[in-house]
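Novice: One structure coming up, written as structure tokens, with questions to follow.
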Amino acid sequence: MNNKKKNINTISIIKMNDIKNIHFIGIGGCSMGGIAEILLKSGYNISGSDIVSNNITQQLSKLGAKIFFKHTEKNINRSDVIVISSAISCNNPEIIKAKKLNIPVISRAEMIAEIIRYKYNIAISGTHGKTSTTAIIFSIFEDSNLSPTLINGGYLKSINSNIKIGKNPFYCIVEADESDASFLHLKPITIILTNIEKDHIETYNGSFHNLKLAFIKFIHNLPFYGTAIMCIDNHAVQTILPYIKRNIITYGFSSNADVRIDRYVQKKFTSRFIVIRVNKPTLNVTLNLPGRHNALNATAAICVATQENIDDKNIIQSLKNFQGVQRRFELSKTFTINSKSHRKKEIMLINDYGHHPTEILESIHTARFGWPKKKLLMIFQPHRYTRTKNFLFSFSKTLSNVDELFILEVYAANEAIIPGADSTSLYKTIKKNKKNFVTLILDLNKLFLNIMSKLSDSNLILVQGAGNVDNIVKTFFIKKLKQYKN
């Protein structure tokens with residue numbers, strides 16, 4: 001690679017021997033696209049393949065990447081290394097060809113580890129809350145003129161991206177993904193552990209114990225002087241604390257936390273609470289995000305900022321002005337329509353990425369506390385057959401907390417169908433206990449009228465899921481609602 005093409009002061013990626021051409025399989029994913037963009041801006045030749053075009057592939061094409069929309073052997077011609085998404089099958093023809101040609105095939109986390117190898121890395125891990133916590137930490141550092149590099153799993157509204165190459169060659173704030181165990185490649189200086197729950201356990205031979213062991217191993221990737229910032233409210237985190245041989249700071253609502261949250265109040269999209277720190281002034285926090293889970297995320301960020309000696313005034317101001325992350329309890333649209341009875345109906349649409357029962361329950365609680373008088377409807381798209389199978393009864397219990405539920409077909413994410421783990425099975429499981437509030441939508445053209453028939457005068461609709469449910473709702477509900485209004 002020609003070092004004159006890149007700016008060493010903006011991103012400290014050293015020359016990777018003779019690596020010039022890097023190919024991404026599954027380049028249209030949020031994280032994969034972000035990594036590709038960083039490398040592209042650092043002077044490497046980038047190509048990639050995916051099934052369909054999206055805003056990520058379009059952006060990369062504009063920057064000079066060569067994108068293919070079919071997986072074929074010829075896509076990897078002249079590639080020096082292949083980076084693969086965890087969603088890509090080992091039977092992919094590009095992977096098979098690469099192995100025949102002895103071209104290195106690495107995970108996205110291996111490439112992230114190379115990008116950030118010589119930086120002061122702050123890694124955010126855990127089953128839930130990684131993306132939001134990463135975004136909050138970045139925003140505090142950015143607002144404090146520290147200009148860190150960011151690699152995140154979701155788009156920050158403030159920069160309309162999930163990555164940013166910082167002007168400061170020192171700090172890098174990175175989301176660490178446990179879903180394929182690839183986070184073990186990272187070597188941070190500080191680790192945040194938000195929580196541990198049963199998810200992606202197929203990666204860990206179906207064992208929750210193995211998942212916890214992986215987090216313990218990850219934390220011991222810290223150097224002897226590194227720090228683990230851990231949420232003590234989570235039971236699984238409590239169980240691994242005795243096995244951690246690194247500096248630990250705990251946080252949470254618990255009275256046992258080193259950094260403790262108290263006096264939490266939510267008013268619509270805003271949270272207010274105090275954060276009590278050891279040998280530091282108590283902080284009065286106004287967070288521009290709703291929900292107790294986001295108070296925890298913000299407090300993890302406060303722990304990091306305090307450790308890095310960021311001024312309290314900067315911390316407070318940044319949390320107050322935080323713009324959020326796309327599809328994380330994000331206000332999508334509001335409508336007022338006139339019904340046939342000439343009564344006005346108010347509709348608030350909120351888009352949320354949560355796809356695990358615990359995440360969904362937090363969304364429901366946040367909606368209930370923020371808007372207690374509104375009727376709560378949910379359009380839910382299950383994500384992956386494996387997750388639907390593993391949490392069938394948990395989903396049934398959690399989803400029963402809304403007033404009206406509309407279940408779409410499972411978003412497979414390249415998984416094969418598992419009998420008894422489809423949307424119909426989930427619908428039948430819920431239907432056994434609570435008959436009148438759940439509707440199965442297998443024909444998307446019927447979504448609009450089904451929702452309209454369930455509306456009251458004041459409604460909050462949660463658009464829930466990690467797949468393409470947001471685009472489905474835009475096409476089959478919002479578009480028709482605008483026509484209905486006119």
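Glycine too: its Cβ is placed from the backbone N, Cα and C atoms.
Quick paste from Swiss-Prot:
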- G126, T127, H128, G129, K130, T131, S132: ATP binding site (BINDING)
Novice: Name, in the order they occur in the sequence, the residues of the same chain whose CB lies under 8 A from the CB of G126 (ATP binding site) and which sit 6 or more residues away.
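Specialist: In sequence order, T133, E178, I192, L193, T194, N195, I196, C231 meet the Cβ cut-off.
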Novice: Take the mean position of the Cβ atoms of G126, T127, H128, G129, K130, T131, S132, the recorded ATP site. Which other residues of that chain put their Cβ within 8 Å of it?
Specialist: I124, T133, T194, N195, N297
Novice: Return the count of C-beta atoms lying within 10 angstroms of the C-beta of G129 (ATP binding site), excluding that atom itself.
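Specialist: The answer is 23 other Cβ atoms.
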Novice: I need the least crowded one of these binding-site residues (H128, K130), counting other C-beta atoms within 10 angstroms of each C-beta.
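Specialist: Among the binding-site residues H128, K130, the lowest count of other Cβ atoms within 10 Å belongs to H128.
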Novice: With every protein chain in view, how many other Cβ atoms are within 10 Å of the Cβ of S132 (ATP binding site)?
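Specialist: Counting Cβ neighbours of S132 (ATP binding site) within 10 Å gives 31.
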Novice: My understanding is the cutoff is Cβ-Cβ under 8 Å with a sequence separation of 6 or more in the same chain; which residues meet that for T127 (ATP binding site)?
Specialist: E178, T194, N195, I196, E197, D199, H356, T358
Novice: According to DSSP, folded down to helix, strand and coil, what is G126 (ATP binding site)?
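Specialist: Its secondary structure by DSSP: coil.
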